[in-house]
Structure formats: C-alpha cells, structure tokens
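Asks: So that we are looking at the same thing, I have put the structure below in structure tokens.
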Amino acid sequence: MAKNKFSKDWIHQHINDPYVKLAQQKGYRARAAFKLLEILDAEKLMRRGDIVVDLGSAPGSWSQVARERLAGPGGAVDGRIIALDLLPMEPVAGVEFIQGDFREEAVLEQLARMVEGQPVDLVISDMAPNLSGVGVADSARIQHVCELALEFACAHLKPNGALIVKAFHGSGFSQIVQSYKQRFKRVVERKPKASRDKSSETFLVARDLK
C-alpha cells in the first residue's frame, strides 16, 4: 500500500509540476533542461563556438539546450556537441552521440578520440548511478561517477574550461567537493529552482584548471 501511495503521490506531483508543463510547451525532452539553463545563465557559460561534451545525456534535454545556445545565424551548430549515455537517445540535430557505458575504458577511449586535438570548453554531466538504497554503497557509486567526470574534464578541458556535474548531498559529498577543489581554482554549489525541494541533488560548477 505504501508503495502504491508513493507512486500516486509522485504521479500527482509530476503532472502538476510547472517545469514539466513548461518543458512540454518549449519542446524539451525533460524538465532537467531548466536546471542547466539556470546554471548557464548564472555562470555565463556556453556560447557559440564552444566545444561541449554532455555526459549522461539521455533523454537529451541538456543536449537540446546546448544545441540552442550554440546555434548560429543560419541555425546550424557553431561549435561542437558530443553526447554520451548508456541508454539510447533520439537524435538531436547537430549533436554527435555515443551510446556506451562511461565507466568502460573502451568507451572513454572512443570519446577521447572524438575530442582529440580539440580542447573542450565545457563538460556537462547529469549522470547518476543506479541507487540501491544502501547508503554506503550508493555514496561510493555517486563518488565514482563524479570522479570519472572530473578525470575526463581534467584531461580534455581548456585551461579556462568548466565542468558542471550532478552530485548528491550525503556521505562522501565533502570528499567529492574537496577533490574538485584540488583540480580547479573555483568550485561552487548550485541548487537550481527546477530541482525538487525534497531532492538531495546539487550541482558543482568547477572552473579554471589549476
């Protein structure tokens, strides 16, 4: 009964969520688009000519935002957008997509080859591991995903590049922040308005490699 009540509550909340309705109106595939938009506006990030890598891209709302931000006068992408996800993603015009597991070395190598010789301006990561409900195990998974995004960004970003990554408050969060501060000159936390109040998610914005 409790599970059914939870499901009904979630459905009710989802249907009445203003960001869900706004996403439908604007053609975004998910309400998460508004999280990224708020962060980009606050940080004045992503502009024409940028090379952007979108990690954990499915269903594609962040890639859609990048596509809009990088659109030139004729509508074509002015820059480059490379997206990656374990799940399939419906094509977004002008976005190059890799389907694969970011934790696998072969997939990382494929992504690295695609950006070889082209330093990246911005890495955006909405990746989240499958959570088990076991605190210690989940914290380790979250930390691992954040560390993978960090290592990729440090290897491929321009010196003045930036990384936006989803994390979760809880055990291990302070270690994630500390590891980011060791590699970047500026690291801030942002909780966009589109993030649900009950969610422990937060976004780290790391800028300027040390």
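Every residue gets a Cβ built from N, Cα and C, even glycine.
For LYS166, the entry in Swiss-Prot reads active site, proton acceptor. Summarising the annotation, Swiss-Prot assigns S-adenosyl-L-methionine binding site to GLY60, TRP62, ASP85, ASP101, ASP126. Among the features that Swiss-Prot reports, compositional bias 'Basic and acidic residues' is placed at 191-200. According to Swiss-Prot, the region 'Disordered' annotation covers 191-210.
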Asks: If we count other C-beta atoms within 10 Å, could you say which of the binding-site residues ASP85, ASP101, ASP126 has the fewest?
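Replies: Among the binding-site residues ASP85, ASP101, ASP126, the lowest count of other Cβ atoms within 10 Å belongs to ASP101.
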Asks: Do you know offhand how many angstrom separate LYS166 (active site, proton acceptor) and ASP85 (S-adenosyl-L-methionine binding site) by C-alpha?
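Replies: That separation, Cα to Cα, works out to 15 Å.
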Asks: What kind of secondary structure is GLY60 (S-adenosyl-L-methionine binding site) part of, going by DSSP in three states?
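Replies: In three-state terms, GLY60 (S-adenosyl-L-methionine binding site) counts as coil.
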Asks: Per DSSP, how many helix, strand and coil residues does the compositional bias 'Basic and acidic residues' (191-200) have?
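Replies: Summed by class, the stretch gives 0 helix, 0 strand, 10 coil.
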Asks: Quick one: what's DSSP say for ASP101 (S-adenosyl-L-methionine binding site), helix, strand or coil?
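Replies: It is coil.
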Asks: Over the residue list GLY60, TRP62, ASP85, ASP101, ASP126, recorded for S-adenosyl-L-methionine, what is the maximum interresidue Cα distance in Å?
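Replies: Value for the max Cα separation, rounded to a whole number: 18 Å.
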